[in-house]
Amino acid sequence: MTENTGPIHRRIKSFVLRTGRMTDGQRRAYDINLAKLGLERENGMQDFATVFGREAPVVLEIGFGMGDSLAEMAMKNPEHDYIGVEVHTPGVGRLMYLVQEAGLNNVRTYCDDAVEVLAQCIPDNSLSRVQIYFPDPWHKTKHHKRRLIQLPFVEALRSKLKLGGVVHLATDWENYAEHMMAVMSDAEGYSNMAGEQNYSPRPDYRPITKFEKRGERLGHGVWDLLFSKTA
Ligand SMILES: C[S@@+](CC[C@H](N)C(=O)[O-])C[C@H]1O[C@@H](n2cnc3c(N)ncnc32)[C@H](O)[C@@H]1O
């Protein structure tokens, strides 16, 4: 096993969690490969002050894709700490590469399903913001049940947010925007920061994402939703 001694490895130290889908043998092989890369697998609830070595607002991004916009945000907002969750392994690899290239200390990533990560690793009342940009829209009506934004999911998000913390959603699919608006408006303990049933302008902190650029080329509109936790 390669020793994890290099400063770059230490700088990009990331936690990578896989649950439920591996045999013991696969898990052992996975851990050996992670160690070769100088990475660690973390399970269980995190204490973010310990993970990042400071008390700072923690932002969770779910489904960051290839990670460019998350890395850009982390670079431009060094006073925030960022946790990225993505199931697509090449995207996680690219985010770690970008973080390493930029020498960032304020990003960690999970390669797993956000539902599992939320339940197993994120303490209640710990997040300042959850951002989910351009989640898979599942265009066909019969597939709408696969959409990430559903009532039980946004209820789980609320339990992880601090009071006053924000859920920030964006989509380029109008039907999904309407679905998001209905789900968020029905959920208890949230307030629409733009006023009831209103979409928000894109805040300056959100870069144009890779997926969004593709939508722009196709002439798609974009809808941002910002809801704060009130209870
Ligand atoms: C349409 S892409 C958008 C990527 C990026 N946010 C962007 O705007 O360029 C949706 C992403 O969500 C990820 N994803 C879907 N379901 C997920 C889940 N349950 N947990 C974590 N990531 C998920 C997919 O792998 C994909 O990369």
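Glycine is no exception: its Cβ is also placed from the backbone N, Cα and C atoms.
Copied over from TrEMBL:
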- E61, E86, D113, D136: S-adenosyl-L-methionine binding site (BINDING)
- K140, D172, T209, K210, F211, E212: substrate binding site (BINDING)
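A Cα-Cα distance of 15 Å separates E61 (S-adenosyl-L-methionine binding site) from F211 (substrate binding site). Listed in chain order, the extra residues whose Cβ falls within 8 Å of the Cβ center of the S-adenosyl-L-methionine site residues E61, E86, D113, D136 are I62, G63, F64, G65, V85, V87, H88, A114, I132, P135, L148.
Rounded to a whole number, the C-alpha distance linking T209 (substrate binding site) with E86 (S-adenosyl-L-methionine binding site) is 15 angstrom. Local packing around the Cβ, expressed as the count of other Cβ atoms within 10 angstroms, is greatest for K210 among the binding-site residues K140, K210. Counting every protein chain shown, the Cβ of T209 (substrate binding site) has 21 other Cβ atoms within 10 Å.
E86 (S-adenosyl-L-methionine binding site) sits 14 Å from F211 (substrate binding site), taking the Cα positions as reference.
Counting in whole angstrom, D136 (S-adenosyl-L-methionine binding site) lies 13 from K210 (substrate binding site) by their C-alpha atoms. In the vicinity of ligand 1, defined as a Cβ distance under 6 Å, none of the binding-site residues E61, K140, D172 are placed. The two recorded residues E212 (substrate binding site) and D113 (S-adenosyl-L-methionine binding site) have their Cα atoms spaced 22 Å from each other.
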